[in-house]
Amino acid sequence: MKINSPLEAYRYLPGTNCGECGEQTCMAFAAHLIDRSKKLTDCTPMLEQKFSKKLKDLQALLAPEIREVEIGVGEKAVKIGGDDVLYRHRLTFFDPTALAYDVWDTMPENELVERVKKIHDFKKFYVGNFLTLDMVAVRCVSKDPKKFADTVKKVIGTTDLPLILCSFDPEVLKAGLEVAKDKNPLLYAANKDNWQQVADLALEYNVPVTLFSPDDLDTLKSLAVTFAKMGTEKLVLDPGTFPSGKDLKKTFTNFLKIRRAGVEGDRDIAYPIMAVPLTAWMVQDDAVSASYWETVIASIFTIKYGDVMIMHSIEPYALLPQLHIRDTIYTDPRKPVSVQPAMYKVGTPDKDSPVLVTTNFALTYYTVESDLASSKVNCFLWAIDTDGIGVEAAVAGGQLTAAKIKKGIEDSGFDLKNDTTHNTIVLPGLAARLQGDVEDETGARVMVGPADSGRLPGWMEKNWPPKAK
Amino acid sequence: KFEVASVKNWTNPIQEVTLGATSGDGGSRKSTITLGGENALPYYFDAEMPHRNYITMDVFDMPIGMAKAVKSNYDDVINDPAEWAKKVVRDFNADMVTIHLISTDPLIKDTSARDAAKVVEDVLQAVDVPIVIGGSGNPQKDPEVLEKAAEAAAGERVLLASASLNLDYERIAKAAINNGHVVLSWTQLEINAQKELNRKLMKQCNVPRDSIIMDPTTAALGYGLDYAYSNMERIRLAGLMGDDELTFPMSSGTTNAWGAREAWMVSSPLAQDSEWGPREYRGPIWEIVTGLALSLAGNDMFMMMHPTSVQVLKEITQTLYG
Ligand code: B12
Ligand code: SF4
């Protein structure tokens, strides 16, 4: 982004404070443009003819330093790039690293379909959402355009995830494009030998393309300049991912250099970057070591500026950390992580259902809530205001106390005596030491649940309803 | 032609801190370890990184609850801290050993400070690498425990873990100064608290700059690593750009990664989740990725538990170090 204060953006806005954008004033809207929480098109008056020049100018000023490239079509399409900063705390990182997993055209058909389905279906619940994988990379191993095209076709028939078509042979890429031309796949890749033909394909089919120049940033840059001159800026840069030793360190340096130059204003190289952690399989011989090393490389380049990556292992012990580190780095550091303190209903609780106490830390709340909901437990779940601190830390730090729990009950308007038949509260196992105090403060019966909410359903079977005293 | 400039405003080097003392320096360690000295973010081309990352492995003074994948490595030494210490150095390539005196907690065994100090002596006898001494985390008891431990280890230049704002940090600082040790300045994911504690250690307690290491807190992958990562990165950048209250090497309790359910649970508690696969492979990689992320944020030293995690993290950090 070429400007960094709301005042600079304000100058281009209509200045009528009409409120169409949902903000009270144009100045307030300008501030949202600068922190990228609103889009310029939210200001509908700007779309009028008389503002068209200002709209265009402001759009150019607000454009992220790193170009945004879209791959795929429809709901599953991914956007990559789009970043403005080198450190996430300075703003946030936009457009999470897209994770692609490979298939190849010599796979037996049933294995191919099974693998694609696994990639498509993999999901992990986390803080109110599912973490999922993004793309399928189809590699040509056969060197046979027809075989490649058939494979691409099969993949498209199995998943709507965006594709990367991988071959250095323009004939092969063309065959793949013919079957995938409506899917906006990413081409992988143009290099210093084939660039002319691959550029023609990228332009003819209007698809994004990866430029591959292993450990040679001069060539990478001149390829990018050439492609831009020929008419496409839908580019992804691959400086090579070398999986070990000094070469891996060089790879790391190359990623830093490309992104630093881009963010600092070198438009010629301000494109998304691709990492290929799959190369780990060239240096590790057993599957576990290779999956580990691949995950290690993927983690480095998720943190340091990789925008799209191709991996091979689809073992859950590799996928889970890959998904979580991506989420970690791309979580917006500006957004709150607590839920509204309140009495929540899980399922359809009635007067006989248990009343469970937890905290309003989003991670805690969603973990507990999903543990309960997925086992179809009906209950009341009480998110006590602990200033967004989890159970164990809140007990240790004094944000979860008997007095807080009592106050939470009063504030919610829930009446344990009248609204339940049992007048009982269940505490988290990690808050066991509050049991006596809570009994004294609330006059209710207090039970202590398991330490981990994952064990609540089993605990409930044994302990609920509570035996009459 | 591709060109990019080096960062201009990283002008302030990180403090160098040495742990361990050899016989020449009044201790009995075979070698010492120096942390810090950086002039850039870790592994960056802007300036050479003077020291590699180091790993200290956890040893406890009593059997404690551990994930199965971790515990199976220590079954034979779980009741003997000295043997445990030997094992991590000999078999698992630990650079250092941390002895956690958790049994001193009044709510656990209330072991006396004097008895705890004996364990420290045993560990110093058993291994010749530099050591870290950790309390139980009990703010009332820790100052006394660390004081006695510091005396028992006089001259060895150990790392005392930790001074924090919610206990009598002055006593711990004094114990370090009087016996030639280093203080771990521990705060909870808050950059201003870290500045405050460092300032107090330097100005109020007169701890020399070369005797402070920071632990800004480690939260596990999926359990707050987003905070821990940016907190460390901000601290390191502030230090490099001239904030002298933050120019200290950093240490991470990477072992916290084992608190994540993904690291230890047999399978996902959620029916909608895809299969999580065998947990013996999930645990170590959770610890590795947690540590690796923090190494990129500027962390110098890692406190860890699983031998595979130690081996892989060493391999990758030394590869990036060059
Ligand atoms: C992240 C973290 C922090 C963060 C908290 C961020 C936040 N928003 O919560 C920060 C850095 C702020 C923090 C600070 C402190 N922390 Co802290 N922290 C952790 C850490 C690393 C992870 C905790 C976590 O998020 N867990 C994940 C959440 C989801 O777990 P949870 O809330 O407990 O929920 C689970 C269960 O309780 C249960 N559950 C939840 N609700 C319910 C309800 C029912 C009915 C049932 C049955 C079960 C159930 O299921 C959930 C899923 O498993 C742990 C160490 C570890 N690895 O566990 C230490 C830890 C919790 N912290 C600890 C301490 C001592 C502190 C401090 C007091 C340190 C200090 N000296 O200042 C401060 C207190 C700060 C405060 N309260 O103001 C200790 C607690 C020791 C103890 N048992 O007393 C721990 C265990 C670390 C340690 N070993 O020393 N901490
Ligand atoms: S819609 Fe446009 S003109 Fe109206 S208040 Fe918002 S920014 Fe101003």
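Note that Cβ sites are derived from N, Cα and C of the backbone, with glycine treated the same way.
Among the features that TrEMBL reports, domain '4Fe-4S' is placed at A:1-60. Per DSSP, the secondary structure of the domain '4Fe-4S' (A:1-60) breaks down as 33 helix, 0 strand, 27 coil.
Annotation comment: TrEMBL describes A:Cys18, A:Cys21, A:Cys26, A:Cys43 as [4Fe-4S] cluster binding site. Other Cβ atoms within 10 Å of the Cβ of A:Cys26 ([4Fe-4S] cluster binding site), summed over all protein chains shown, number 22.
The 5-methoxybenzimidazolylcob(I)amide binding site annotation in TrEMBL covers A:Thr358, A:Thr364, A:Gly388, A:Ile389, A:Gly390, A:Val391, A:Ser453. Counting Cβ atoms from all protein chains shown, A:Gly388 (5-methoxybenzimidazolylcob(I)amide binding site) has 19 others lying within 10 Å of its own Cβ. Secondary structure from DSSP puts A:Gly388 (5-methoxybenzimidazolylcob(I)amide binding site) in coil.
According to TrEMBL, the feature region 'Disordered' maps to A:448-469. Residues 352, 354, 356, 358, 367-368, 371-372, 375, 377, 422, 424, 426-432, 435 of the same chain, all 6+ positions outside the region 'Disordered' (A:448-469), place their C-beta atoms under 8 angstroms from a C-beta of that stretch.
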Cα-Cα distance linking A:Val391 (5-methoxybenzimidazolylcob(I)amide binding site) and A:Cys21 ([4Fe-4S] cluster binding site), given in Å to the nearest integer: 40
Binding-site residues whose CB lies under 6 angstroms from ligand 2, from A:Cys18, A:Cys26, A:Thr358, A:Thr364, A:Ile389, A:Ser453: A:Cys18, A:Cys26
Contacting binding-site residues, sequence order - A:Cys26, A:Thr358, A:Thr364, A:Gly388, A:Ile389, A:Val391 vs ligand 1, Cβ under 6 Å: A:Thr358, A:Thr364, A:Gly388, A:Ile389, A:Val391
For A:Cys26 ([4Fe-4S] cluster binding site), the one of A:Thr358, A:Thr364, A:Gly388, A:Gly390, A:Val391 that lies nearest, given that the binding-site residues are compared by Cα: A:Gly388
Cβ-centroid neighbourhood (8 Å) of the [4Fe-4S] cluster site, A:Cys18, A:Cys21, A:Cys26, A:Cys43 excluded: A:Leu13, A:Pro14, A:Thr16, A:Asn17, A:Gly19, A:Glu20, A:Glu23, A:Phe29, A:Asp42, A:Thr44, A:Pro45, A:Met46
Pairwise CA distance, A:Thr364 (5-methoxybenzimidazolylcob(I)amide binding site) versus A:Cys43 ([4Fe-4S] cluster binding site), rounded so that it is a whole Å: 38
Residue among binding-site residues A:Thr358, A:Gly388, A:Ser453 with Cα closest to the Cα of A:Cys43 ([4Fe-4S] cluster binding site): A:Gly388
List of residues, in chain order, with Cβ under 8 A from that of A:Thr358 (5-methoxybenzimidazolylcob(I)amide binding site) and at least 6 apart: A:Thr364, A:Tyr365, A:Val368, A:Leu381, A:Trp382, A:Ala383, A:Ile384, A:Val391, A:Pro428, A:Ser453
